[in-house]
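According to Swiss-Prot, the protein carries these features:
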- 1-26: signal peptide (SIGNAL)
- Ser39: active site, nucleophile (ACT_SITE)
- Asp328: active site, charge relay system (ACT_SITE)
- His331: active site, charge relay system (ACT_SITE)
Amino acid sequence: MESYLRKWCLVSVWVLLLGLGFKVKAEPQVPCYFIFGDSLVDNGNNNRLRSIARADYFPYGIDFGGPTGRFSNGRTTVDVLTELLGFDNYIPAYSTVSGQEILQGVNYASAAAGIREETGAQLGQRITFSGQVENYKNTVAQVVEILGDEYTAADYLKRCIYSVGMGSNDYLNNYFMPQFYSTSRQYTPEQYADDLISRYRDQLNALYNYGARKFALVGIGAIGCSPNALAQGSQDGTTCVERINSANRIFNNRLISMVQQLNNAHSDASFTYINAYGAFQDIIANPSAYGFTNTNTACCGIGRNGGQLTCLPGEPPCLNRDEYVFWDAFHPSAAANTAIAKRSYNAQRSSDVYPIDISQLAQL
């Protein structure tokens, strides 16, 4: 009887609170979210660097309340995933995070960054993958200090999600830029992918050694379909550049194999592959299904396909931004980012992820 009355009282209080307009705050699905990557997910880390690769000016952020350093008109994929995971706030950039903010996670991504150290050097300063991992190690030391000891910190960090999206610049701003880099003369596409994956694995093992256990590894998108690639290498301005996409697929296949190997090697961790390439190809092949009318031109850019010069300060963008797959010469629009993020979180097809999607990763 006493138990029944206690339950009845709890239900009554709950109904009363709802009736008075109080909202019960739900906890996020994971305690924290750590992000490693390049301009696709950079949210301001390059703002303070001496770099051409910056997006801290209008019209970037036109649908986000103003420029923040995000290379989009609005949200990036990780912004959407942050919402889907139940966080109240977007994950802060490493360059601005302070105090206990780090407990919800940190975004270390840096525009022009690559797996190889020299990648993107022609654009100026950037935080390479290894540099981002070093910054994470500094964060771990702060987490230990806040939580009191290494055991508590380790238990906390193992429940967080670690999103890694690296490799695009190793092609865009390295391998396919022979005027600045010699890698295309040193390596075949297969050899180059092997080199990248070897370096990638080393950094993932470093993250593992510092507490990371839930990894979402995002494959390279179809770079050969970007307005910049179309402007330079597509005769009709519509057909994707196969030599670039072919190299990207080789890398992605190696990445899938690495996921299998790492899952076999670390029974206490989970690694999953996010097929951004496949999702992107599906959007381009079936644009109307996602509400798009333009798949090959930048909403903000200059020249052929809007891809010869990327979005410049003060340049007026297109008005129907939600109908464009690409925001600028290289980066997806907020609408495309949303579509890709949703498929990463809750896979529509078995080919979207391997072996599990991010919603399942969060539940582990």
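Cβ coordinates come from backbone N, Cα and C, glycine included.
Cα separation, His331 (active site, charge relay system) to the residue listed as 'active site, nucleophile', rounded: 8 Å. For Asp328 (active site, charge relay system), applying a Cβ distance below 8 Å and a minimum sequence separation of six or more within one chain yields Phe71, Pro227, Ala298, Cys299, Cys300, Gly301, Gly306, Thr310, Cys311.
On its own chain, the residue listed as 'active site, nucleophile' has Asn46, Ala53, Ala55, Phe71, Ala109, Ser110, Ala111, Ala112, Asn169, Phe330, His331 as residues at least 6 apart in sequence with a Cβ closer than 8 Å to its own Cβ.
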